[in-house]
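According to Swiss-Prot, the active site, schiff-base intermediate with DXP annotation covers LYS98. According to Swiss-Prot, the feature 1-deoxy-D-xylulose 5-phosphate binding site maps to GLY159, ALA185, GLY186, ASN207, SER208, an assignment based on sequence analysis.
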Amino acid sequence: MDSLHIGSYSFSSRLILGTGKFSNSKVMLEAIRASGSQLVTVALRRFNREQAEDDLFGPLSALEAVTLMPNTSGASTAAEAIRAAHIARQLSGSPFIKVEIHPNPQHLMPDPIETFEAAKVLVNDGFLVMPYIAADPVLAKRLEEIGCASVMPLGSAIGSGQGLSTFEMLKIIIRESTIPVIVDAGLRSPSEAAHAMEMGCSAVLVNSAIAAAGNPPAMAEAFSEAVIAGRKAFQAGLMEQSGEAVATSPLTFLGA
């Protein structure tokens with residue numbers, strides 16, 4: 001499989017893992033290893049060296065060939081996200097930042113205005129900015145134009161497991177983008193990850209579907225294989241759909 005390029009970084013895996021929701025750090029690390037992921041996202045609030053049970057930075061730092069992508073989950077304004085991003089960079093040393101601003105805890109939809117404002121500042125501050133957004137083609141293009149390293153439109157609401165309910169808008173974003181498009185949120189099954197990759201997504205980010213599975217490491221491996229299969233299918237080129245049946249064999253008998 002070809003590499004995923006974000007800024008000057010290259011990753012052989014196109015599966016990005018979230019680190020929330022796992023029952024403990026041991027299961028999380030097993031899932032990351034099983035997935036083969038080389039880019040994982042972690043919330044700033046999990047950089048807690050004073051309380052070991054809440055700290056994910058220590059365990060994640062021990063993983064080889066894994067790059068951290070801090071996120072600003074919990075921020076409800078651009079100012080909060082900008083502050084969180086700078087603290088996260090100081091703690092992790094990572095240039096990546098996933099801008100995640102959702103002021104309403106009920107539906108957790110990303111705020112487009114605050115996200116755009118935060119992204120502008122953070123791009124100028126030298127971050128590789130990866131904003132989490134609704135599947136809005138206009139916003140995605142504007143974020144690309146100001147220098148974001150990728151866009152991360154949602155497949156459906158965070159943690160909902162509703163799959164690719166934004167399918168039609170995702171297709172537009174993919175078609176119009178010249179930066180990586182990473183589907184983030186809502187995926188429930190490996191088949192949905194494969195579908196996203198078949199559409200032409202650059203990568204998928206998965207957390208709940210793996211962390212809440214009966215066997216997270218096994219599910220992580222299943223998602224990894226699905227992402228590879230979907231990418232290969234996209235590169236091979238899917239057949240065109242038809243509104244009618246198309247015969248694959250002659251419809252006349254021999255000698256007729």
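From the backbone N, Cα and C atoms, a Cβ is placed for every residue, glycine too.
What you see is a predicted model, and the numbers here were worked out from it, not measured in a lab.
For SER208 (1-deoxy-D-xylulose 5-phosphate binding site), other Cβ atoms within 10 Å of its Cβ number 18. Within 8 Å of the centroid defined by the CB atoms of GLY159, ALA185, GLY186, ASN207, SER208, the record's 1-deoxy-D-xylulose 5-phosphate site, lie the Cβ atoms of GLY18, ALA157, ILE158, SER160, GLY161, LEU187, VAL206, ALA209, excluding the listed residues themselves. DSSP gives SER208 (1-deoxy-D-xylulose 5-phosphate binding site) a helix state. Within 10 Å of the Cβ of ASN207 (1-deoxy-D-xylulose 5-phosphate binding site) there are 22 other Cβ atoms, across all protein chains. For the 1-deoxy-D-xylulose 5-phosphate site listed in the record, the two most distant Cα atoms among GLY159, ALA185, GLY186, ASN207, SER208 lie 9 Å apart.
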